[in-house]
Amino acid sequence: MKLFEDLPPMDHLRSEDMSLVQIIIPVESAHRAVSYLGELGLLQLKDVRNPNPVDLIVFAFDSHRGSCSVFWQLLLELVVRFVSSKILSSGLTQTGTVPRDLVVKRCGEMSRKLRFFGDQISKAGITASPCPASQQVIDLEELEVRSSEHEAELLEMNANSEKLRQTYNELLEFKLVLLKAGGFLVAAQNHAVPPETELVENIYSKKDDESVFLLEQPESSSKAGLRFISGIICKSKELTFERMLFRATRGNMFFNQAPAGEQVMDPVSGEMVEKTVFVVFFSGEQAKNKILKICQAFGASCYPVPEENSKQMQLTREVKKEKGVYDTLNMLNFDVTKKCLVGEGWCPTFAKPQIKEALEHATIHSNSQVGIIFHDMDSFESPPTYFRTNRFTHAFQEIVDAYGVARYQEANPAVYSVITFPFLFAVMFGDWGHGLCLLLGSLILILHEKKLGSQEMRGRLMHVVNFLLELPDDAHTTGLIKYRDPYPFGVDPRWRGSRSELPFLNSVKMKMSILLGVSQMNLGILLSYFDAKFHGSSLDIRYQFMPQMIFLNSLFGYLALLIVIKWCTGSQADLYHVMIYMFLEPTGDLGENQLFWGQKELQILLLLMAIVAVPWMLFPKPFILRKLHTERFQGRTYGILGTSEMDLDHDPDSARRQHHEDFNFSEVFVHQMIHSIEFVLGAVSNTASYLRLWALSLAHSELSTVFYEKLLLLAWGYDSVIIRIAGLAVFAFATAFILLMMETLSAFLHALRLHWVEFMGKFYHGFKEVREEEKSKLVGNVFSSVASNYDLMNDLMSIGLHRLWKDRLVTKLCPFPGMKHLDVAGGTGDIAFRVLESIRSVSHRAMQDGLAETEEQTQIYICDINPNMLNIGKKRAIERGFAEDRYLHWVEGDAEALGFEDESMDGYTIGFGIRNVTHIEKALAEAYRVLKRGGRFLCLELSHVEFPVFKQLYDYYSFSVIPAVGELVAGDRESYEYLVESIRRFPNQDAFGRMIVEAGFQKVEYENLVGGVVAIHSGLKL
């Protein structure tokens, strides 16, 4: 290990050192500072807004906020007491009427302010806890002063918030108009002769001499060219707006519209509404004035849209930038007392001088008298991961990040993938000629970079081009294996056309695949050593790295050694026979398979070392951890481990145990056992997996030979020019689309598999991170891809138990005739069908008692965000005879924004869906809103297993078996990998129960099924 300790620090192997910083920005510098920071791109701001900013106004009830009725009763009592005390203190003298009037005015003003505060509390949707019996004494003089101060602060906050929201909505509308109106203008240009274009505010003129059609040619008058006005209007007003324009212009206009595709907040009502983007083409100044007046009357917002594509793209980028600035400003906390914005975020330590410089420039350019404060903060949370990349290495970093973003300071495989990924691709792709074709294609893309799209698209394209440039560079050099005479490079051409050509090439390529595979797996295990050494984990080095290296190299490293010796000596030994009988008959005579002296004794030694390495990986580590844990809590000291051995910041799924107080030996032991078995079996399967290098190389070579001999040479054997040209064309097509495109994609995907599983699986533990804005889209894609196999996969994953879990859920619901029930994320109808069948069973019994008329009032709503799942549910309804059922209603909707009235449902269920919601608290709030008083909330969700031994087995089943079954049955491994990760990230039973309580539900409880694999959470709205 001395050799490794003397190596220089591997700075590029790990993510950058991160610092938590705070910035305090004066209001006048805020916009420019955020804009400069965004251009720099080295600061990740956190959302530090106060979740309840109106808490500032509840100044008199900080320790005991009452309900609204208690609040106003207390206020009335205080005001009466205050009036009485002031009147008595006036003594009813001759001047007593003056202070009495003043007191009444002051009380009225105070009452107005407190009503204003109450309205703001209600508007913010704050639900307060019941007011306790004991009340503290409140000085009304101080209350009056503080109410005035807080009213001014709140009014300023509201004004700023309204201005910010208005500006944000204008930018959002402007962006939508730019995106949609550009298509209309391109279509109009295709019909018109290209004229000179002049910008007049937001109206553009086109001039020509002839006039045929309005859209094709403008009027002959210089003042009456073809013009247009673009804007956005509420969808509900669209038809009336178009009719009014048509009548006002007497049909001399062309109206084009398209849905905005995104909801926008209405400035009057404050609600999210659907809007439509429109472009009105017209001719003449009089028509322009009429159209602008009509737009103003209908509340339409008009925005200038440049006609040239370049200007449109430039303006779109500016609008997106402004929208991003305001999005970021919304993440900052506004300090009304100091007139500044406060933000927190993470930045690379090396970037602090650059950030400070950008903030100084923002202060100078905004002419602010107060500088921006930038300082470090202490933090106990894990920092984000940031890697410095360039245009070349960025593509390889994205390949690694697609598998999972590295944890903070974890070893980064992208450093080595820059070399190993293109090399393995080249081994599979396989020859000098086709590699040169890819190289030339990449160079052509680089030369035409500026003509291929926008700045953002060019940046992405360059990542791809640089990546492709690396692939063919290896691909066209892989065949150039220099050797001694009689041939300069490559394989001896004497093998070409011989009977033994294919067996010889297969033998060479298979052995090369083994050598490359063993080398890369050793590199992965070696990186696990550097990772353990960096985190100070001596246990991982002694009882994980060392036995793994011994086991892998005692078997497959020895096989690689035999291959090299056989090549060097020219021996005819059968390596298959050697490896098989190394296990079956270790002491047997090798005979003609002996390659060197002492081979039998060495094989026995290596076999014993491999056998010893398995318990070495399995037993010592759990027992040492238990011993250290026991000594720690007996007050003794120990010096074997670094501090990170029991560090809470490590991965909870790691074999390293981190809990100081909650140490479970059986859980640690089972986890280590699974990890050891997985490595032993994986060493065999991963080595075999590298044989794909041989298989794809063979396929590429054979296809090239077939196309050359059966297409080109065969056609060239004819004297006809037409046949030769046809044969050449077919050969070129097959080469371009099959050998250069399909084979490139195939080799790329296989190289991806080798890096993700065989190489990175030896040391890398990154999880896939999903941003909030992408989660809804990702969830939709997941369920769209698995909808057709949804029932089958549920049966396979749960062994059919999901049907019993849903039966238990409906039993706890206790459906009754006449109820209105909402089943969210229930597109397949499983739960809804059970609810309806239960109600009909109850109704059948009620019919005998003459109470069946209530069944007619039963309504069951199935709500799901994914239309594919709803279609599956409707088909199942037809199969089960519910097609004509008037009680079932299928609704496409979002759990975070349900389209149902307040207090309209008797029951609410959601099965296996709430973990896929982006904001769980919003979904719970919506459930509380739509339920009636006395309504029941029930949630069936995959949860966290409690029993230690079962937990480890369940984790292994989840991460290994479920994705494999998903790939086999549904053809979609990624969706089921996301499923498993979403389960692990979902709050545990107690934490989710607290979220339900915070949403307002009472009598909250949960029931674990199958040891916590599934939990049913319930609550009542009282």
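Placement of Cβ uses the backbone N, Cα and C atoms for every residue, glycine included.
Unlike curated entries, TrEMBL annotations are predicted automatically.
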Legend entry - Given ranges 138-167, 198-227, 648-677, the stretch to which TrEMBL attaches the annotation coiled coil: 138-167
Legend entry - Cβ-based contact of the transmembrane segment (721-742) with the transmembrane segment (423-447), 3 or more pairs under 8 Å: yes
Inset, instruction - Specify the count of other C-beta atoms within 10 Å of the C-beta of ASP894 (S-adenosyl-L-methionine binding site). - result: 17
Legend entry - Cβ packing number for THR828 (S-adenosyl-L-methionine binding site), 10 Å threshold: 25
Legend entry - Confidence summary (mean pLDDT) of the coiled coil (138-167): 75
Legend entry - For ASP864 (S-adenosyl-L-methionine binding site): intrachain residues, at least 6 apart, with Cβ closer than 8 Å: VAL824, ALA825, GLY826, GLY827, LEU870, GLY873, VAL891, GLU892, GLY893
Legend entry - Cβ neighbour count within 10 Å of ALA895 (S-adenosyl-L-methionine binding site): 23
Inset, instruction - Using only the Cα atoms of THR828, ASP864, ASP894, ALA895, which the record gives as binding S-adenosyl-L-methionine, return the largest interatomic distance in Å, rounded to a whole number. - result: 16
